[in-house]
Each structure stands twice: as structure tokens, then as C-alpha cells.
């Protein structure tokens, strides 16, 4: 029993493998689990177990994702790996698997390829804060100078998309060689095989370079309003789930979105029909608001720490449009298209003003199955921030998913 408790005391970090198809993301994921399993810090997973990823739904979109977990001496990791390129795009945009950092896998034999670039761009757009690089398939290179060239290319590519290319740790090795060695000697530890040691070096780099994320509870308070009702003689109660931070009775908070920002005081907090002094991130709670009428509050507004979030009507977003097979639209759409944008707890009508491809070229139209960057104008101001996820809906069905990459107005 004591062991389970010990594991919980390690800081938890979410990471994932990204990179071009067939560069070795899944092989590396398997190699990490096999290597750390020798120390009792992971459950060894074979390539096939990870590759046959189960389907999940996130924001109405089906995504195949494999989740593995493992520990290093310092941390507990949840690691996500996707079998197909489209799954990566959907995963990163919906935030189905939020990543605090990513391991970019690049085949040293091939160098950066189109999806390498696309995944780096996506990581930048959706707010994956840190990247560590694994140059894979080193066993296929005879010339060490080639390895240096590939490393240089990768650093330039990272810098191009505003990652600190010169500082990013790059570890070279062979996931397949390490995996085969661990399969033949499951108890092999560090210092006995060069290929296996590369996996340890990679995990050292991840431990050191990817910072422990700020916990939700330490961030400024925010709760999206799901429902509102009045209690005779006591006032108005807004209910919802606290997204981050904490709130205490007697604190001043702001009501943000839809109709301008108002300040109010928390006069009471209730959970499961019991009153409490403090609500924490993750709690489903009722917040009693002083001097606020029921008609002043509606679903889609947020309660937040004063000054921590502001309402906006215009933003840029990175968006994936569902294909017909996924239950999306059957026809393309053009600039001026007006769907609903589902933000936190509510639908808001908005106009898609313009859209561009990765190169910044204006596109004529958007086809089902496309990934696109778009500028959106909402009819009502809503509390929006960078990195926030949203769904695009039409008549109640999801036709796309997106993430705010830049606030404009």
C-alpha cells in the first residue's frame, strides 16, 4: 500500500510523441516502457499494444489515441501516442490529450519531413510549451556528419516556429535497437547497452527540460456558468464546475462575458446541498452572488478572479473541420459562413471572416476534412483566452473543433 502513496507524491506531467509517419514514434513509446519496466517504473508495452489504439470521443470527434504511463526517478508521466497523422491533428486541436511537452521524433536517416513541420507548427499554435527531440534510426547512419546536418535542420525548423531551437535538447539513438535489446533482456539496466542508454538520456532530458506544469488550483479562479437560479431571501446562485483556482466566501469576483463585466461578492458557496468556505478546481459548485439579479446572469458567462480574463469578439483559431465520414458537413464552406461556436458552456453565433492555409495563403473554400487557420468574429463578447478550445456546430451537431491561437479584439 505504501508504494501507491509514494507514486502520487511525484509531480505529474503529460507528454506525447509527435513527428512524421514512420519515423518511429510508437517504437520509441514502446522502448520507453520496456526500458523503465526493468526498474519497476512502467508496465512494458509491445509495439502492437500501442499501435492498436482504442477510439475515443472528444468534442464530438472520434480519435484513436494510445495512453501509457511510466515513471522516472523524479516524475510520473502520462504519455500519449497516436497511430495516424489525422489523429494527431484532431488530438492537438481538441486538446483531448493536453500536452505539457512533446518528444519530437525525427528519423536521422530521412531528416525533417512535411509532417515534422506540421506537428511543430501545431504544437506552437495549440500551446504545447516545450519540445525535446529524439533523432531516431541512428543505427542506419554511417556518417556522423549526416547526424549533425539533421540536427542542424531540426534546430532551424524549431526556431522558425518560435521554439528555442538552439536550446532544445536533442538526443540521438535507435528506438528499435533499444526495444529489441530490452525484449531479449527484460531486466537490463542503465550502463549495459549503448542503445538502451540513449532511452535513459532522453528521459533525463525530458525530466530536466520540460517544466512541471502549474497546477490548476494555483491558477486564477475561473468557473463557467452552467445554470442560474434564485433563492428567495438569499439572492442569485450561479452553478458550474470550477475550471481552475479556488474561491472563498467574501471574495470579490467578476462576472465576464455577453454583457460587459460586473463585479460582485461571493456571499455563499454550496456543494451537494452543504455550505462550504472554499471551492477548489474540479468542484461542481453553487456560488451565491451579492446584488445580482437572476436575469443578470446567464449560461456562457464566467465567474473569475478580477482582471484575470476579458471578453472578446475577434480571434484567430487553428481548426479541424470534420469529414463527411466523421459526421461533418458534406459540402465546403466559404468566407462569411456563420455557424455556432461552442465555448465552455454555450453556443455563440460567429462569422468566419477569412481563412488561410499553413503558408498564410488565402484559401478559396474549406472542404470537410481540412485543417485551416481562421479569423472569427462573434456576435457577443465572450471570455476568451489563448489556447482555449471550442467546437464549431451547426444545428446542434459538431462540424469542427478548434483552439484559439491569437486574440484580435
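Just so it is clear, glycine is given a Cβ too, placed from its N, Cα and C backbone atoms.
As stated in Swiss-Prot, the feature region 'G4' covers range 136-139 out of the listed 136-139, 140-143, 144-147, 148-151. Per Swiss-Prot, the listed range annotated as region 'G2' is 60-64 (candidates: 45-49, 50-54, 55-59, 60-64). Your range for region 'G1', going by Swiss-Prot and the list 3-10, 11-18, 19-26, is 19-26. Checking the ranges 81-84, 85-88, 89-92, 93-96 against Swiss-Prot, the region 'G3' annotation falls on 81-84. Cβ contacts within 10 Å of residue 138 (GTP binding site), excluding its own Cβ and spanning all protein chains shown: 23. The Cβ of residue 22 (GTP binding site) has 107 as same-chain neighbours under 8 Å, each 6 or more residues away in sequence. Within the same chain, the residues at least 6 positions away from residue 82 (GTP binding site) whose Cβ sits under 8 Å from its Cβ are 16, 53, 63, 64, 65, 66, 88, 91, listed in sequence order.
Around residue 19 (GTP binding site), taking its Cβ as the centre, 26 other Cβ atoms fall within 10 Å, counting all chains. The number of other CB atoms found within 10 A of the CB of residue 85 (GTP binding site), across every protein chain shown, is 14.
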